[in-house]
Amino acid sequence: MKATAARRWTGALRSPLGITAAVLLAAVVLLAVVAPLIWSGRADAVQSAEILQGPSSAHPVGTDLLGRDILARVLVATRLSVGLALLATAIGVTAGLLLGTANVLLGRWIGRWVGTLINIAVAFPSLLLALFFAVIFGVGAKGAVLAIGFATAPGFARLTQTMAATVSGRDFIAAARVAGIGRMRILVRHVLPNIAEPLIVSATMAAGSALLAFASLSFLGLGVQAPSYDWGRLLGEGLAQIYVHPAGALAAGVAVVLAAMAFNLSGEAVARAIGLRSAQTGRRTEHTYEPPPADPEPDGPDQPLLAVENLHVTFPAAGGPVTPVRGVSLSVRRGEAIGIVGESGSGKSLTALAIAQLIEHPGRVRAERLEFLGTDLREKADHRRLLGTSLSMVFQDPMTSLNPTQRVGRQLAEVVREHQGADRRTAWRRAVDRLAAVRIPSAERRAKQLPHEFSGGMRQRAMIGMGVMANPQLIIADEPTTALDVTVQRQVLQLIANIRAAERVGLLFISHDVTVVGQVCERVLVMYAGRIVEDLPTDALLHDARHPYTRALVAAVPDMTTDRNAPLAVIPGRPPDPHDLPAGCPYAPRCLLATDRCRREDPALTTYAIGRRVACWHADQAPAAIPDNRTTVPDDDKTDDPIAAPLGGERP
Amino acid sequence: MRELTFEDVTVRFGSRRSGTVAVDGVDLVVPAGRIVGLVGESGSGKSTLARAAVGLAPLAAGRILLDGQPITGLRTRPLQMIFQDPYSALDPRMSIGASIAEAMPRGTGDKRAEVGRLLELVGLAADRAGARPDELSGGQRQRVALARALSGKPEVIVADEITSALDVSIQGAVLNAVRDLQRRMRLTMLFISHNLAVVRYVSDIVAVMRQGRIVEYGPVDEVLLDPQHEYTRELLAAVPRPGVPLGT
């Protein structure tokens, strides 16, 4: 953790931006410290013989009205200019932090009033505030510092408030409150560390702006007063002679620009260094390792709806490309329901997206065969029409898949208007008809409503309705019921099953839940680490799976028949990192049956019976080695199910 | 080992006139040393009830008692809560050891040794105390959250959907840890989940919640084998069972 952070910072320092920022900032700070010590005598020496001279070897940018060396004065002014700007920033940041954290520290009620105060204060421009403070404190450096400080504060307070509110909503703050930790300690220990980085960046940027603002105030005569001088004053003095000695006026201007740039670029560099966090942490060696090719599924008598062979999905990453889907082969026939089961990161959703041609650049899809309804999807052609009418996708989150600003009916109608050129009225009628088909009550009225007026289950049904607007041949459902309650889940599953049965539609059903897949599908593909490790009929899933992973997965899920007195089966370890896959079977490190061969050679997905494939060297030993936790229920006698029995009539 | 009692608890969000009632006059007893599973669908008010128990949601009416004592009168609440999202439950800037130590009551002797002991208790190596949350998997984080809850020496633990954000292979390990610890330490526990199978596996008693009210309450076998309320029957019928046809 520390090492990667250090690497991130050195990386940011070595970039051109980082180098420029560091050099500029170092120069500004060095000058601020050293310049007055070296050049103050020269800067203050009045030489009446050398008034208003142009650049010469003695005075590189000339002299001012009193014959003082302008360059020396600009250099000496660094300390005052930068110092005042930093002071103003410090005032602004402190005030901003106090106001912004009021919500955390003083409770919601006071926090709300402070929030209102901030909202009002944000509206005032800094110059107005400066004039206001000038009236109170008198014209001078003190007034200007306070003015710029308090002008910075509201923006900073707003930022702090927003970020603190985000962090405060997280569970670890609630946990700390439950543990009885005081508000002050919550703020210091949990809130501030988590918002510190963006605040530092913003403070650095604010210092740059404060420098500019201060220069403007001094230039206007509202800032530093004679005999002190900062860059703004020097700029003002030089301006009178700009047509005679442009260099004299420009020197101070250049100094302001460079110093402000030093602060802003540093802020930018810090932001980049922080922003890099989510990217690759550390360099990994690139694995271009290929699993052995899977046995293709034998072609049946009729042509499959969808045929996929050796599908790969690759994404570029800082440490070399990663391939989360590695050689998936599957086919879906008319009216067939196939489930893909796997844990998060197994590549199941990416497989679905790749089939629907929804992998965006820079992701890359390649396959030996990718055919839908006989059309090769790998060809560079416009498949939108084909996919738009014959393939429909249902996603997990029905709230984000519908446009919240458009009426539901119109969104459904758009499908047929776009792909079949239907006129508005026909399209609308079809939309209402489809909404009725997915059992949305009073479809005519509901079609005119916006998505937020629908419940979660209704939205998902509307999405399915949209999917069947244009008689699809294949429905790909990616965790369609994960966000739904069980009773609603059942309705949605029934709906999908009915559509499939009525119109002989193929279904590719993706889920992490073996029980749901077991209920909806006829055949299950189990995915692990980007490939299919087992392909089996659903009725074999519970008791007759051959891959140790499938067996462990099934055993790990409690269902309504699980033995309550035995501990649940667990799978030790965690899934492999797609950046760093082991050489042999990817499941070997977690597998009870793993031998040296498993760690060396990756088993191919091989057919061992009709309609059954498995990728394991020890498939024959798995059933004995990994028992299922189910109390065995004979397939033909479901009434042994202790839950089902009393429900008799209730159960379908 | 204490008994947690909700007496006519009402929680309201928003104003009295236009707000919504999330929990509506709930009476619920969590007997000492038992696990009560609270099931219900989203929006039924089960999480709000949990947050009310630990003081994160203000009560509009009713009271919450611990062994007959109103909970608000107690100086330190012997209640701890475990949250749903393991990625949000731990401070990413703190080592897990520091997170666990934070909840310890004042005067705990050797905090480091205690952190190690708690980590071992939930099945993590004691030397992982210096690890940051981002080095851990979701299941490991959830076990750290469990250790943190235990470090407050609670007598009652409220667990809110603690496995619903986890992968199934990890869920088992967390459920095992919960059950094992509860049995060893005789904790009183309110275990909230929308997953009936999980609640059935973990709990002794089940309470079914709907629209802010408890509609059924009883020993887990009785409620699941012989549900009295129509809504409970509906919930049970909706539990997916592989190989059983869906019906239409």
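We number each residue from 1, going along the chain as drawn.
In case you wondered, yes, glycine gets a Cβ from its N, Cα and C as well.
Record features (TrEMBL):
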DOMAIN    A:78-267  domain 'ABC transmembrane type-1'
TRANSMEM  A:84-106  transmembrane segment
TRANSMEM  A:113-137  transmembrane segment
TRANSMEM  A:199-222  transmembrane segment
TRANSMEM  A:242-263  transmembrane segment
REGION    A:281-302  region 'Disordered'
DOMAIN    A:306-554  domain 'ABC transporter'
REGION    A:626-652  region 'Disordered'
Contacting positions for the transmembrane segment (A:199-222) when only residues 6+ beyond its ends and CB under 8 Å are counted: 81-82, 84-86, 88-89, 92-93, 97, 126-127, 130-131, 134, 139, 143-145, 147-149, 151-152, 155-156, 159-160, 163, 230-233, 235-236, 239, 256, 259-264, 266-267, 270-271, 274
PLDDT averaged over every residue in the domain 'ABC transporter' (A:306-554): 87
Intrachain neighbours beyond the transmembrane segment (A:113-137), with Cβ under 8 angstroms and 6 or more residues off its ends: 99-100, 102-103, 106, 143-144, 146-148, 150-155, 157-158, 161, 213, 216-217, 222
Residues from the same chain, set at least six apart from the ends of the transmembrane segment (A:84-106), whose C-beta lies under 8 A from its own: 112, 114-115, 117-118, 141, 144-146, 148-161, 164-165, 168, 183-184, 186-187, 191-192, 199, 203, 206-207, 210-211, 213-214, 223-224, 230
